[in-house]
Each structure stands twice: as C-alpha cells, then as structure tokens.
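If you look up Swiss-Prot, you'll see 109 marked as Mg(2+) binding site. Residues or ranges marked as K(+) binding site in Swiss-Prot: 176, 177, 185, 187, 190. According to Swiss-Prot, the domain '5'-3' exonuclease' annotation covers 165-254, on the basis of sequence analysis. Among the features that Swiss-Prot reports, region 'Interaction with DNA' is placed at 189-194.
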C-alpha cells in the first residue's frame, strides 16, 4: 500500500488553540477546536497513518538543557488547567482515530524527527504538522512540513526566503546566529547577515571552524566562541536515532464509524 504518514506536533497545535480562546480557558472547548482542526487536516492530507506526538510532563528538561543550561529558559509554562486536562484532549483525539505518543523523557521534536525520517527514508510520504521551523532541516522530496495556522508549506523556497540557506544548512546557520527565542546563543556578534555570508563562503559550520582563511572581521569572534557555536548547532539539530517502541501498523488511520 502507498503510505502517507501524518505526524502532529501535538502541543504546538493544542497550546495555540488554547491561547486563542476568548474568555475563560476551557479544556473541553480546546479539545473540540483541536478536533475540528484535525478533521480538516485529515480531509486535506488523506493519511494512511497518523499520530499525535506529545512532550513528556516531567521535570527533566532534557539533554539540550545539559548542553546549554539556559535553553528555553523563561518560556511560559503550560497553563495548569491545560496540563490537568491533557487526558481529555488525548481521548478526543482517539475518538477521531488518532493515537497519542508521549516522548518519555525525550523532546517531542526528536521523536517526531526520528519517526518522520524513518518512514521518509523508505521513499514513503510524510507530512509534519507544526509551526516549528526546526523541522525544516529534515525536508526532502518525501518529507514536508505544514503550518496549519498560516495554511502554508514550510518548504525549501520558504527556508531560502526566510533564512537564505538550504534546509540542511539550518543547524549550521543557527550554530552561528543562534535562536534568541530558545536561548540558543550561537556566536555573539554573528547575526543572521554574517551567518548567511559565512555559509555562502563555506558549506557548513565545521568547515568554518577549521578554515584558515577566515575573513579577519570574524576570526576573533569565531575562535573565541567556538564551543558555543558547536553546542548551539548540536542543540538546534534534531535527533533522528531514537528507539521507537512501536511499528507503523500501530498508527494506521482508521476513520471512526459515525
């Protein structure tokens, strides 16, 4: 059979829907609106397999915070009523025929990336539903990223327009320029413009760090902050080698009987 796997970045969807509610937040209403969105996604994408991937709810901030202690520091925590109602939302997803997968200590991003790449590398179609541009580093002819809220594809032309680099260069770009919203520092004094210029001269961060002919204006900064650049690139890179404790058959999409 032809496979089309749709992977939902669950909290990316849920938190945006919940925050957009007028008046007092209501988890049941959040679940209802999310299910309306998912029904549209299913109709639009016609998946053969589908799964919603959730972050774990533990206190462990994960391997990225061990490399960069300030990683994602200061972000608003999940509203308590939303965290308490997560089971209600997951049950509503299941009623639509969408199983939920919890990351169990790994960031959901890495679990999404591992699953998506495993299927896409077998020349089967994968669509990730998320506004997170970090997934764009995975783009390939068989792997797409869809921003549901903006109704647009985060594809190669989007990446080139937004950043000026190829999708596979994004971790190198972020290793240089950083990501301020995630407290990923990159190299102080190297902003988007300089990062783009460097990646037009050299193919990746490793080559930049080893180059003996670096333009003088950047030499000192890059030499001084080499470790920050390497850690930033690693944190911005998605892991794609996690162990998956299930197979595709477990997430096959079966439309619920009306």
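In case you wondered, yes, glycine gets a Cβ from its N, Cα and C as well.
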Report task. Taking the Cβ of residue 176 (K(+) binding site) as the reference point, list residues of the same chain whose Cβ is under 8 angstroms away and which are at least six residues distant in sequence. Result -> 186, 187, 190, 194, 195, 198, 199, 205, 208, 229, 232
Report summary line: Rounding to whole Å, the Cα atoms of residue 109 (Mg(2+) binding site) and residue 185 (K(+) binding site) are apart by 20
Requested in this report: Only counting partners 6 or more residues apart, tell me which same-chain residues put their Cβ under 8 Å from the Cβ of residue 177 (K(+) binding site).
Outcome: 186, 187, 190, 191, 192, 194, 195
Query - Secondary structure content of the region 'Interaction with DNA' (189-194), with strand meaning DSSP E or B - result: 3 helix, 0 strand, 3 coil
Query raised in the report: Residue counts in helix (H, G, I), strand (E, B) and coil for the domain '5'-3' exonuclease' (165-254), per DSSP?
Result: 54 helix, 3 strand, 33 coil
Report task. Pick out which of the binding-site residues 187, 190 has the most other Cβ atoms within 10 Å of its own Cβ. Result -> 187
Query raised in the report: Tell me which residues of the chain lie with their Cβ under 8 angstroms from that of residue 185 (K(+) binding site), as long as they are six or more apart in sequence?
Result: 68, 178, 228, 232
Report summary line: Apart from the site residues 176, 177, 185, 187, 190, the 8 Å Cβ neighbourhood of the K(+) centroid comprises 174, 175, 178, 186, 188, 189, 191, 194, 195, 225, 228, 229, 232
Report task. Compute the average pLDDT of the predicted model within the domain '5'-3' exonuclease' (165-254). Result -> 96
